[in-house]
Amino acid sequence: MPTTFKEIPRERPVTPLLDRADTPHGLRRLGEAELETLADELRLELLYSVGQTGGHFGAGLGVIELTIALHYVFDTPDDRLVWDVGHQAYPHKILTGRRARMSTLRQKDGVAAFPRRSESEYDTFGVGHSSTSISAALGMAIASRLQGSERKSIAVIGDGALTAGMAFEALNHAPEVAANMLVILNDNDMSISRNVGGLSNYLAKILSSRTYSSMREGSKKVLSRLPGAWEIARRTEEYAKGMLVPGTLFEELGWNYIGPIDGHDLPTLIATLRNMRDLKGPQFLHVVTKKGKGFAPAEVDPIGYHAITKLEPLNAPAAPKKISAPKYSAVFGQWICDMAEADSRLVGITPAMKEGSDLVAFSERFPERYFDVAIAEQHAVTLAAGMACEGSKPVVAIYSTFLQRGYDQLVHDVAVQNLDVLFAIDRAGLVGEDGPTHAGSFDLSYLRCIPGMVVMTPSDENELRKLLNTGYLHTGPAAVRYPRGTGPDALIETGLDPVEIGKGVVRRQGQGVAILVFGVQLADALVVAEKLDATVIDMRFVKPLDEALVSEAAANHELLVTLEENAVMGGAGAAVSEFLARANILKSVLHLGLPDTYVEHAKPAQMLAECGLDAQGIEAAINERLALIG
C-alpha cells in the first residue's frame, strides 16, 4: 500500500525508478514488482514539484496508482487516454516526458495546468471544464472503428464530474453504437469500506476475465434458446452482483460494470485493466480513491489541499504583514448575506462553487435558502427560472466560463420570460495561471445581445456592491461581472440602495481624449489620464448603454477610447460603435480589450501586459492613435 508522507520535500527526492520511467515506454519496461515503489517515488516527486510551483494538488495524489496502471497496461499514446477536467493530470504529465519542465507549471510559456493537445501527443483531448471525457472518448472510439483501427479509448472521470448531464448523455449513447471503450469512474468521495476489500477486488478480477466474459456470452447464446431461462439467469447474476457492487444503473444503460475496486491497489488495478482491455462493447470500471492519498494533511483536509501555493524558501525574510483589500468574491459573499437578511425571498444557487464563489457564510446562515446543484450549470439556470416564477428572488453565483454551459437556459428559460434572476458572474476577464479554458473572455459579448438583459461592469469593490443591489432590485434578468482577485481597496458602503440603471459616472474631466471604462481597468485608466489630461468615464452599464453620456463625450473630445477586459469582438466597445453608427455620429474610436485569440496561461499582470491592457499598454495605444489622426 502507498507510503504516507507528512511533509512536502524542499529538495528534489531521489527517484531511481522514476528516472527510468519518465515516459510510458520506460514505464512498461519495469517489472510489476517495482511498480509500488515507483508509485511512492511518483507521489514524492509530485509533492516536490507542486511545492515548487503551486497548483492543483489533492486530485493528482489520489490517482498515482491509477495513472501508473493505465500507462502500464495500455499502449499510450496510440491508445487514447482522456482525462476529465484535468486537475488530476499532473502525474500523467510527469510520466509522459514532461518531468523536467514541471518547474514551469502554470507559468508563462511553461507547462499548462490542464492537458493540452498542443503540448504532448499523450494529451489526446484538451480539457479544463468538467464532464467532457466520455463524449470525447466515445467520438474517438467511433472514429477509430470507422478507420479500421483497434486502438482503445479510455475516459477517466471523477464522481463530481459524473453529476453533469453531459456525462450521462454520453453514457446513454455509447451502448447504442456498441462502442469499444472503457470509462473509469474515479470515485474519491466515498470511503474505502468493506465492499472495496479483498472480496470485491476478487470479484472484479473474475467479472473482467476473458474466461468469465466468454462463458457469459456462451451461456447467453445457449439460454436464449430456452424460453425464460436466460431472463432467470440474468436476474440471478444481477442479484448476486448487486449484493456486492452498486452498478445497476450503468448495467441498465448497457454498460458492463466492474467494481468498485481499490484505486490504490496496483496489482488489482493492473489485473483488472488487463482483463478489460480486450473486452468488446462499452466497459465501465468503478475505482475508489482517496483525494490527497499519501500526504497526511491532504487526506485530512482534501478541500483545503485541492490546490496550494508554492513553498517559500526556509531562509526567506518574513513578508511584512499588511491589511489587504478584500477579494471581489468576498464582497459578493458579504453582500448576499446582507441582502438575504433584508429580503426573505432571496435564494442562492451555485454549481459546485461554494468556496470559490464565497458562499460558505451564506450556506451556514441560510441553509434552507442555499442550493448547490453540483456540476450542472444548465440545471442551475433553469432552477433559478422556476424559483423566480413562484416569487423567489434567485441569485446565481457562477464563474463566467461556466455560464457558457447554461447559455440556452439563460436565453430560453430566463430572458424570454423576463424573470427576476440575478447572475453574479465571478472570474470575468483573464484569470491567470489556469489559462484560456477558465478565462471569462466572452460574457459581455454573449450577454449584451440578449433582449431585456441588464449587464453591469463594476470598477471597484464599492461599485460591485452598488451594482449587485441594482441588479437584485431590478425587475427582469440582470448580470454583474467581476474579476478574480482583489480590487483597489475602495471604501465599501454598507447600504442596499441601487443606482440609476443605464447611467455612467464621469470620474475625471479632461480634454482631447475620453476613456470609456467598462470594469476594473478604471484605476489604470486614471493613471493614464493624468499623463494625457484625458477624461475618464466609469460606464457601469454595458446594457443599457448610457447613450447620452457617450454622445456628450463624442461631442467634446477628439478621440473616444473604450476599455474592457472582454473580447473586443461583440463586446462593450462594439456597443459604443453601434450606437454612434445609429446616431450618425462620426468619431474616431479606439477599442481596447482582449484580442481575437486565446491568451495563454501566465500571471494576470503578464497577461494584461501581453494584451496591452495595463497602464503602459493603454497609454501607448492612445498615443499611437493620436499620432494617426494628427
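Keep in mind that glycine also has a Cβ here, set from the backbone N, Cα and C atoms.
Here's what Swiss-Prot has on this protein:
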BINDING   His87, Gly128, His129, Ser130, Gly160, Ala161, Asn188, Phe295, Glu377  thiamine diphosphate binding site
BINDING   Asp159, Asn188  Mg(2+) binding site
Binding-site residues (His87, His129), the one with most neighbouring Cβ atoms at 10 Å: His87
Rounded distance in angstrom between the Cα atoms of Asp159 (Mg(2+) binding site) and Asn188 (thiamine diphosphate binding site): 7
For the binding-site residues Asp159, Glu377, the one whose C-beta sees the most other C-beta atoms within 10 angstroms: Glu377
DSSP three-state assignment (helix, strand or coil) for Asn188 (thiamine diphosphate binding site): coil
List of residues, in chain order, with Cβ under 8 A from that of Asn188 (thiamine diphosphate binding site) and at least 6 apart: Ala59, Gly62, Gly158, Asp159, Val288, Thr289, Lys290, Lys291, Pro302
